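Asker: According to Swiss-Prot, the protein carries these features:
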| type | residues | note |
| --- | --- | --- |
| DISULFID | Cys4-Cys20 | disulfide bond |
| DISULFID | Cys8-Cys22 | disulfide bond |
| DISULFID | Cys13-Cys27 | disulfide bond |
Amino acid sequence: GIPCGESCVFIPCITGIAGCSCKSKVCYRN
């Protein structure tokens, strides 16, 4: 539930390596 400061509208979350996932076009962690 914490925003990772990255959007994932066109590309996957680069912050995915830090545990972030795409939700509602924005990357979140927990």
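In case you wondered, yes, glycine gets a Cβ from its N, Cα and C as well.
These figures come from a predicted structure and were not determined experimentally.
Give me the local environment of each listed feature.
Answerer: For Cys20 (disulfide bond), the same-chain residues lying six or more positions away in sequence with a CB closer than 8 A to its CB are Cys4, Glu6, Cys13, Cys27, Tyr28, Arg29.
Non-local contacts of Cys8 (disulfide bond) by the CB criterion (under 8 A, 6+ apart in sequence, same chain) comprise Cys22, Lys25, Val26, Cys27.
Around Cys27 (disulfide bond), taking its Cβ as the centre, 21 other Cβ atoms fall within 10 Å, counting all chains.
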